[in-house]
Amino acid sequence: MSFFIETLVGGLLAGVMYSLVAIGFVLVFKASGVFNFAQGSMVLCAALTFVTMRDKGIDFWLAAPITLTVMVLIAIAVERVVLRPLVNRPQITLFMATLGVSFVIEGLAQIVMGASVHELDLGIVDTPIEIGGVQVSQFDLVAAGTAGILVVALSIFFNKTRVGIALRAIADDPQAALSIGIRLQTLWQIVWGVAGFVSLVAGLLWGARQGVQFALTLVVLKALPVLIIGGFTSITGAIVGGLIVGAGDSLAEIYLGSLLGGSVSTWFAYVLAVAFLLIRPAGLFGEAPIERI
Amino acid sequence: MSTVGTETIEGFSSSREIAQSARDRLRAGSVVVLLAALTAIPLVANDYWLNAVLIPFLIMSLTALGLNLLMGYAGQASLGSGGFMSVGAYATYNLLLRLPELPLPVSLLLGGVISGLVGVIAGLPSLRIKGFYLVASTLATQFLLEWLFNQYGWFSNYSTSSSISAPRLAFLGHDLSSPTGRYLLTLATVVVVTATAVRLVRSQTGRTWMAIRDMDTAASVIGVPVSAGKLKAFFVSSLVIGIAGALWAFAYLGTVDARSFNLDRSFQVMFAIIIGGMGSISGNFLGAAFMIFLPILLDHLGSGVFGGAIDPGQLENFQKALFGALIVWFLIKEPRGLAALLSRAWTQLVSRINR
């Protein structure tokens, strides 16, 4: 039984790491209706920029703002060059465009900063500690704490600040928001910038865990089922979805994997997500679109 | 008064009909010329061109056609193409292996049908969910199938390596394993399937698909069989993609390898139809040409211009970035793809000549 609980807790904490990536998705989707596949390459780009500067001996507190600046510049460039000309196009076109953007970011980032695997040490000790008879990874706890702080900060940003409220207005009704003078394009830049910040946080934590390397872009594929379960438009959904996927994944790996004789983690989260979709077609917390004829 | 009016209208419509039939004849004529040229290509092209350029181009066109039926005509976006290709490849492999008395075309078709049936199962969620949620659910199919073929040895006849060599291709006593043979096999398949697909999208089925694509709620209100239409689209699409997958394994790679049907392949196919033109038959060929020729061109340009001065990893990164930028540029430039771009250029040319 304690083994079960340990697997469950480990899975839940790993799920928080997925949520971190998923939150970046949700922000962009909510504000601009873009399914941003480039989120994974933004995570890679942020981690790579940061670790390159750390390797050159630049202090953490200097490297972080510089990386953030790079991410914001990318956000502005993406809005200017890609999103603005593509406004009012079908969503699938925008999705494909973000795939193109991800190729560009991945290619350029690796040209400038190299493709070798970098170690990233954030100074977090990764020794398991025991809480109530259950072994828990300290690193995972820090990651979960960070995610918690991030969610609180984002919800304050969205609910209390002027910019945040304007963003919610755009998410609710772009036409109405435009008509009362909200500047759509500036806000898109802001929201992509915030998504860049979230990918910096995700990039640091993921990079510290598995090294900064190209494989970081694959976290996107882990974040997708999280999004489906939670719904594309809800940050709460991203967290809950992450917990469900994380727990489901590690439990399935142990119990189902031994039954089927192999690693099931590549697809289990997706099958789980489809099962959720069949019951709730717009995710647990997503808004079901109303269709008018 | 009214007679005059009718006359003008009749005169107008009949002259339009003449123009229409002239355009149809022109189009049919150019298709015939194109086909003749494609059949004659092995006489002039060397093995490199057949193996590395034309065969993958034709198969990619076929795959794009399969996805376009589903996505461009029926409006159901899917990222499971790689998975369906692998179903077709493994099914055909097992048919050739276990039922060697079946002629090659029958094995290919049966492989496609099996892939189509898998497609129907994978399409079931489309009855409930739409848009990006559906895209994500097709990803489930993709990953599940990838895992399945790696996990269970039965599919690859318990081969020790993960890639297995394809059995010899032969039909009616003719050996088709030479580059020319494989090229002609691919070409023949592509022609037959494309002709069938053209008929299909102009039939009742095609109209049903387009109604679903344009707005499925409205279609169901006026009595279009939405569920059956969606599942039929998944069946036909996966069937075509499955045949393409079998060709990819047997006529192009010469091995059946699940890794060549991964998610990247699914993205490649989706790119091909978006760049070529959704809901257009000729767009599949243009998009496939873009996806297959451009990397080869970049490769040659890269090694030609820089000639080993840059390390190959960097060159690959550069190509990737350039490729991504080109995709974005094309998406911005022409929403309806290369097919629309070309037809517009053609119309301009004709009107300039007429003037």
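Glycine is treated like the rest: Cβ placed from N, Cα and C.
Feature list (source: TrEMBL):
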type: TRANSMEM; residues: A:12-29; note: transmembrane segment
type: TRANSMEM; residues: A:60-82; note: transmembrane segment
type: TRANSMEM; residues: A:94-117; note: transmembrane segment
type: TRANSMEM; residues: A:137-158; note: transmembrane segment
type: TRANSMEM; residues: A:187-206; note: transmembrane segment
type: TRANSMEM; residues: A:226-247; note: transmembrane segment
type: TRANSMEM; residues: A:254-279; note: transmembrane segment
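Note on the transmembrane segment (A:12-29): residues 35-36, 39-40, 42-43, 136-137, 140-141, 143-144, 146-147, 150-151, 154, 191-192, 194-195, 198-199, 201-202, 205-206, 209, 219-220, 222-223, 226-227, 230, 232-235, 237-239, 241-247, 249-250 of its chain, located 6 or more positions outside it, place their CB under 8 angstroms from a CB of the stretch. Proximity of the transmembrane segment (A:226-247) to the transmembrane segment (A:254-279) is established through 3 or more Cβ-Cβ distances under 8 Å for residue pairs spaced 6 or more apart. With a threshold of 8 Å between CB atoms, the same-chain residues lying at least 6 positions outside the transmembrane segment (A:187-206) that come near it are 17, 20-21, 23-25, 27-28, 30-32, 36, 39, 42-48, 50, 64, 67-68, 71-72, 74-76, 78-79, 83, 120, 122, 143, 146, 150, 154, 157, 163, 166-167, 170, 212, 216, 219.
Remote same-chain partners of the transmembrane segment (A:254-279), defined as residues 6 or more beyond its termini with a Cβ less than 8 Å from a stretch Cβ, comprise 7, 222, 224-226, 228-229, 244-245, 248. For the transmembrane segment (A:60-82), same-chain residues at least 6 beyond its ends with a Cβ under 8 Å from one of its own Cβ atoms are 38, 42, 45-46, 49-50, 53-54, 97-98, 100-101, 105, 185, 188-189, 192-193, 195-197, 199-200.
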